[in-house]
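According to TrEMBL, the feature transmembrane segment maps to 128-149, 155-173, 193-217, 223-244, 282-299, 319-342, 439-465.
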Amino acid sequence: MDEKEGLIHQNASGKILTRIWVQLFIFKMLSGFQSEMSSVNDGQYIYHFVKQHLLNYTLTNGSTVSTENRSMEIESCQSGNKSSNFLESKAQSEATTINQYSEMISSGISVVIMIVLGPMTDRIGRKFLLVWNVSMLLIGMSVRTFVVYNSLDVYLVLVSSVFNGLSGTHYTYDLASSGIMADTTSKDKQRSFVMILYTSANGIGFFIAQIITGYSIHYFGFIPQYFMCAGILLILDLSIVIFLKEQRPKPAKHNVKVCSVSLKSQIWSMITDADIGNRKHIFSWLFVFILLKLAGTAYSPISNLYKLGWPFCWSSERIGWYGAGLSIAECIFAPLIIAILQRCTPDEIILQVCNLSSIVSYMAYGLAMHSWMLYTVIGIGVIGDSGETMITAILSRKVSPDKQGVLFSNMAVLDSAVRVVGVAAFSDVYKQTRPIFKGMVFLVMGGLVLLSSLMALFFTCIYGCDPAQKLWKKHEINVEITNENKNVVNS
């Protein structure tokens, strides 16, 4: 087998590969849409639930925020007096704690799920993981919808976090999808570019979800979004079962004992299997991956709370439009910029550019005192999130073609474990430093990205860039002078 080709890429026609990629992009768009809608809806629902209970408002049928109450909240926030600041700090602290518990429960359980199911993806197939993930998310969303619709205690939403954890969260979904992309792409620039497009499909889903969620909260409250998310998950589950075909050949059946031994070997194969690739290079880049992921674990929930509070006091519509602008910039301009950079420089250098974009955007967030300063992040951070994709592509090229599932599953386990630590740490940093300096947590995040960038640069200098990448074609002319007639032969 040519190591530059994926397992399926060698024998599949262009039409088949295109159909597979289109299916993945559409499914990811739907998945990203419901994921972002749920995330934005949850964050604002919890914040307003807590704040209005502190103000002794009555919540009924999940609407939770009337126009009058929302206007009073914004006026109270914008006043900036001592009383409103105390209320704001208390609401922010409690909402951050609930989000922290929710993330830790789901991520903690997902670590176990990924340890069990993740390394077996090369054996049980990618489709099974996708169906499992979406089905568990559907159950969790149904539980959350029931809690919000009946205006039960907000802490009961943590029950749905258990099912989110059992699904493996988005790690299982991205693991299976990354495995399919690795199977159907070559190891050169095609793989990293397809992964960037896959991320862009997620961004398109984010863009649409942000706008719809902002206005839907304003006019209808929080309930419609939960029903919409549950419906999308049901459609996505059925679509995967019906339309997506398993591409990997089915392995021979084994008895329980053999499967148990195989599972153990799969879990530890990153350490014990000499055929997986250069383990020194792999572990070095995994360390860079951990640092970069740690920086962004709690960014989304904290940034939304940050914008809801003083001095910004944004409404749900404004948060929606801001998130939509950021998403569309990332899904349109990020792939274009990456594609241009890939024509003349390797992924290891592109990673440094992405990290620089991320660092500057974190600094702008942390030092912002006016809303216009937050808008600059849309421009300067346009390729900031692409760094994780570049590391994934770099690692994928360093691993044998038949071990891609093992790589992605181990990365997902690390990602989930890092998320537990990151959410706990950054949530506490935000709660403790907010009364002193509201944006401190974002400066800490930027510092971690800087450390990750320095380590990546160090490993690039030591190991060099992967020769499998294709840049501008270089034509070499070999000149040979024969001893007999001194003729010059060009080849």
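Heads up, the Cβ atoms here are built off N, Cα and C, so glycines get one too.
Counting C-beta pairs under 8 angstroms (sequence separation of 6 or more), the transmembrane segment (128-149) reaches the transmembrane segment (223-244) with 3 or more such pairs. Counted as Cβ pairs under 8 Å, contacts with the transmembrane segment (439-465) are highest for 282-299 among 193-217, 282-299, 319-342. Looking at which of 155-173, 193-217, 282-299 has the most CB pairs under 8 Å to the transmembrane segment (319-342), the answer is the stretch 193-217. Through the fold, the transmembrane segment (223-244) approaches residues 23, 27, 30-31, 33-34, 37-38, 41, 61-63, 127, 130-131, 134-135, 137-138, 141-142, 144-145, 148-149, 212-213, 216-217 of its own chain, all at least 6 residues removed from its boundaries and within a Cβ separation under 8 Å.
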